[in-house]
Amino acid sequence: MSSPQHGAYKPRTKKPKATRSVSFSLPALPFPLASFLHPLRSASSQWLVLPVLLMVSILFRWAVGLGPYSGMAAPPMHGDFEAQRHWMEVTTNLPAKEWYWHDLEWWGLDYPPLTAYHSWLLGVIGGVINPDWFVLFASRGLDDVALKTFMRATVLASEFLIYVPAVVIFVRAFGRQADLSKYDKGVALAAILMQPALMIIDHGHFQYNSVMLGLTLLAVDCFITEHIYWGSFFFVLSISFKQMALYYAPIIFAYLLGLCVHPNTNIPRLVLLGATVIVSFGLVFAPLVVFGGKEQIAQCLFRVFPFARGLWEDKVANFWCAANILIKFRERFDSGMLQKASLIATFVAILPPCSILFFNPQKRLLPLGLAACAWGFFMFSFQVHEKSVLLPLVPTTLVLAGNLDKNTVSWVSWMNNVAMFSMWPLLRRDGLQLQYTVLTLLYAWLMGTFEHLPKHWFGKLVHVGSYVSILVTHFAEAFLLKGLLQEYPDLWVVANVEISFGCFTVAWIWVLWRLWKESRKGRKKPKRE
C-alpha cells in the first residue's frame, strides 16, 4: 500500500517546480535594457523596479556631474554655469526692479520670471551654506569645488522633484491606456530616464532644462488623466520657466481647441481654459510687478525674445545653418526679412501636426504631436541653439511608453544617438568628451542599436549610413586631416551640421508619418460581418 502512495506523490511535487521555472525564461523584448530588468518581472519583485531605476539614474547623473561644466576655468565670460550662478547672485542681492536691467553685458537675466524665482530660492539656500558664493560682483567667475558640488546638487534635486515624478506618472498613465504590462512600463521608464542628451546637458554642460520639460510633462499628465485646466496651469508654468517651451505651445493649443470643438462646441470649456491661462500668467508675473513695477514686464519680454541677435549664433543642425553653405542668408538678406522667412517656414512645418491634433484631439497622439511640432520649430525657427534638440527629443522618447516594438525602439534610439552627435561641438568645448562617449555608446548598446534596425529598407539605409558617417567623422577629426583645421577651422562643425540636419529631416518626417498613421487608427470603421 505504501509504494503506490509514494509513486502517486512524486509527480505532484515535480510538476509545480517545472511550471515555476518558466518565469525565468528570456524576455520577449529584444534589447539589453529589457534583459537587465527581466529578473524584476515577477509580481513579487515589481515594487523594486522604481527604486532600482531611481538609484541607477542618480548614480549616472552624479557621475556625469563629476566632469567639467560649461565655461569651467574659461575666462573672461566663463559659460552657462556662471550664468546660472550669476542669476542667483542677482536675485538674492538686488530688488526685483533691477533683475532684468542689471549689467546686461555680464550674463544678464534672459529667462521668464519663474527661472528668476527658482534662482532666488537656490541662491538663498546656497547663501546659507556659503555667503561668498553669491557676493555681488566679487563672486564672478568663481570655480570653487564646493560651489560646483552645490550647483550640481541643485540640478539633481530640481530634476527629481519635478521631471522624474512627471515621467513616472506619464509612463503609468500612458502605458495603462496602451495596455502595456508592468514589466514593459518599467522598461519604457528606464529608457526615458536614461536618455543621454538631457543627462549630459543638465548634469554635464549645466542647465535646468529638466524643470521646464518636467512642467510640460506634468501638463501632459493632466491632459491624459482629463484634468485639462490643471494641465493648462502647468504648461503656463513651463513657458514661464523657459521660453523654449513655446515649441510645444501650438500643439497644446490645437489639442485643447479641438477638445472645445469636437464632437460638439463647448463654449464654457473654452472660456474656462482661456481664463486659466490668463490667471496663471498673472500669478507668475504678479511678484515681479508688485516688487518691481509694471515696466518689468516689457523689459522681461524684451530680454526673453532676442530677435536682435540674428538668425543664429552658433552653428546648429537646422535648415538655416545647413543651407548657409549654398545661400549666405545673413549676407544677402536683412534681419527683418529673415525673421519673416523663419516665421513662415516654421508655420508651414508645424501646420500638419497641429491640424491632426485639432481634428483628432486624442490623448494617445500627444507625444507624437509634441515631437512633430517641436521638430518643426527646431528645423526652421529663429535663434535655435544646439541644446534645443532636447525639446523634440524628449516627447519622441516618450513614445516608448506606448509602444516597445523593435521598429519603434530602433528609430527612437537612433534619434537619441544622432542628437548626441549633433551636440558634439558644444560638448567638446566643455571638455565632456569622456561623458559623451560613454553615455552615447551605453545608451546605444542598452537599446539594441547594434543588433536591430528598422523593418523598411530605407530605414536600414538611413541608420547604417548615418552611423558610418558619424564614425568616419569622429575618426577623421581625431586622427586624420588635422592640417585642414588650420585652413578650415569650422570643417568638422560644418560636417556635423550637415550630417545631423539630414538625419533630423528624416526623423521629423518619420514622426509626422507616424502621427498621421496613428491618427487614422481611431477613424477606422468596424468591418461588417
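Every residue, even glycine, has its Cβ placed from backbone N, Cα and C.
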* To which of the residue ranges 21-40, 301-320, 401-420 does TrEMBL assign the term transmembrane segment? -> 21-40
* Asked: Sequence-remote contacts (6 or more beyond its ends) of the transmembrane segment (150-174), Cβ cut-off under 8 Å?
  -> 50, 54, 57-58, 61-62, 65, 81, 84-85, 118, 122, 125-126, 129-130, 133, 185, 188-189, 192-193, 202-203, 206-208, 210-211, 213-215, 217-218, 220-221, 224-225, 364, 367, 398, 401-402
* Asked: Is it the case that the transmembrane segment (270-293) and the transmembrane segment (212-237) have 3 or more CB pairs under 8 Å, with pairs at least 6 apart in sequence?
  -> yes
* Asked: Do at least three CB pairs under 8 A connect the transmembrane segment (120-138) and the transmembrane segment (212-237), leaving out pairs fewer than 6 apart in sequence?
  -> no
* State the residues, same chain only, that lie 6 or more residues beyond the ends of the transmembrane segment (341-359) and have a CB under 8 A from a CB inside it; answer 'none' if no residue qualifies. => 250-251, 253-255, 257-258, 261-262, 311, 319-320, 333, 365-366, 368-369, 372-373, 375-377, 379-382, 508, 512, 515-516, 519
